[in-house]
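Quick look at what TrEMBL lists:
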{"type": "DOMAIN", "residues": "34-384", "note": "domain 'Glycosyl hydrolase family 13 catalytic'"}
{"type": "REGION", "residues": "42-64", "note": "region 'Disordered'"}
{"type": "SIGNAL", "residues": "1-20", "note": "signal peptide"}
Amino acid sequence: MHRTLAVALLLGGLSLAQHAAPAPADWEGQIIYQVMPDRYVNGDPGNDGGANPGDPQARHGGDLRGLDAHLQDVQDLGATTVWITPVSRQVPDVNGMAPYHGYWPQDFRSVDPHLGTLQDFRNLTAHAHRLGLNVMLDQVINHSGYGADAVSAHPDWFHTPADCQRAAGTQKDTDCPLSGLPDLNQTVPAVRDLLFGNADFWRTQGVDAYRYDAVKHVDQAFLKALVTRDRAAGTFTLGESFGADADTVRQGQELGLSSLFEFSLQAALRQGIMGGGSLNGVRSVLVQDARIPHPGLTANFLDNHDLPRFANGTLFEDQGQARTRYALRALMTLKGIPVLWQGTEIAQRGGADPDNRRDLPARNAWTPAQQDVYATARDAVHVRRASAALSRGDQTLLPVPDASADDLLVFTRHADGEKVLVAWNNARERRTYSLRTTLAARTLTASSFTDPGGKAQRAALSVSGGYLHLSLPPQDAAVFRLGE
Ligand SMILES: [Ca+2]
Ligand SMILES: [Ca+2]
């Protein structure tokens, strides 16, 4: 009996040790799901002190145990990595605003008691690894929280108002405070060592990847040294430079970050798909992506905790749901690493911060329409994962006639001998398009996507006489596997 237990424990230990996150250069194919624990699931009412779910600026009671208990949901959706917003111990509330979001750190190396304990965090990463999920942790490297103990204990760690006044050019970005937060001076050796040590500390807690907050505001020589260390340790790094376009992504990857969020693509998707505008903005971003050294690692997203919800781009809830379904499918066809913010899989609504951080409703409270959005999201994620071409294939835009350019985006993707053709139709009605093509597709299939309820998506493709004919449902994306 004891021997059996020992073997089981040994095997348990082995399976932990066997979790190997991909090398930083091999993250293409990952799908990231972003969770803000306070707004996800409350798994322990015992740590709810001060929580008030009715106040968007207060803590709501969600915690690490709640996330741990629902990791299976992340896996069911098909995501491969869970990104957790910062978990470190926070400063006290400021003017009635609680640091429920985690971006006002007091102590970088402990877990905020409202979220749980360090042991809860270790349990969470171990459980994620058993499920085959990678863990990405959000790391604050630019600042401490308002009035953090370090400000009085180590005033030399922080930029001064004089530093900010002296700064010129991009140094204004790095040396001036962000939202008035005490701004760490990473050129001070003690600060550099503190931040290096934070990365090492959380790595030993089982973290596979870091999302680095506000990288535009951090000394770039320090950032380069930090992400170089991470890469050497096998840790994938995803930088947030608010508003980043293809050139910013390129510069970040050249500096050594594995990936950055491409905000310009997000803006083009919001305008083109949710706003009912033109797909030319998306096309233009995809053309600019040719400048990115590792385009397969670029983080593609529809919304996040710093932007209004994607579905909020229209006044009408049903339209927001329909267009989110289209956008989720479209996102899953693009080269890059898709990132889904909790709630986007059900087209949750909400304006600017903090309205964009509403609690994720429990599954049994989802409306039929929310369940349909979820079914589409899950299907799109699984179609992507089942396809080497969609997961990590190259991407080639096909020309379309000027008259169709607002409404039609067509590209092929190819990997491991699999070739797919992707078509987005932005028109408000079903459309048939005929394009001159050199494609010699012989075996022609229906779209790989299915509608909720298991019905095939009503999209069709054929090739005849040097023309590609596409019949596409309104405001939707389709993907066809091409035979040789
Ligand atoms: Ca709680
Ligand atoms: Ca700074």
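Placement of Cβ uses the backbone N, Cα and C atoms for every residue, glycine included.
Predicted automatically and left uncurated, TrEMBL annotations should be read as such.
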* In the same chain, which residue numbers or ranges, 6 or more beyond the ends of the region 'Disordered' (42-64), come under 8 angstroms Cβ to Cβ? -> 36, 87, 93, 96-98, 100, 111, 113-116, 120-121, 123-124, 354-355, 357-359
* Structure fact -> What DSSP reports for the region 'Disordered' (42-64) is 4 helix, 0 strand, 19 coil
* On the 0 to 100 scale, where does the mean pLDDT of the domain 'Glycosyl hydrolase family 13 catalytic' (34-384) fall? -> 98
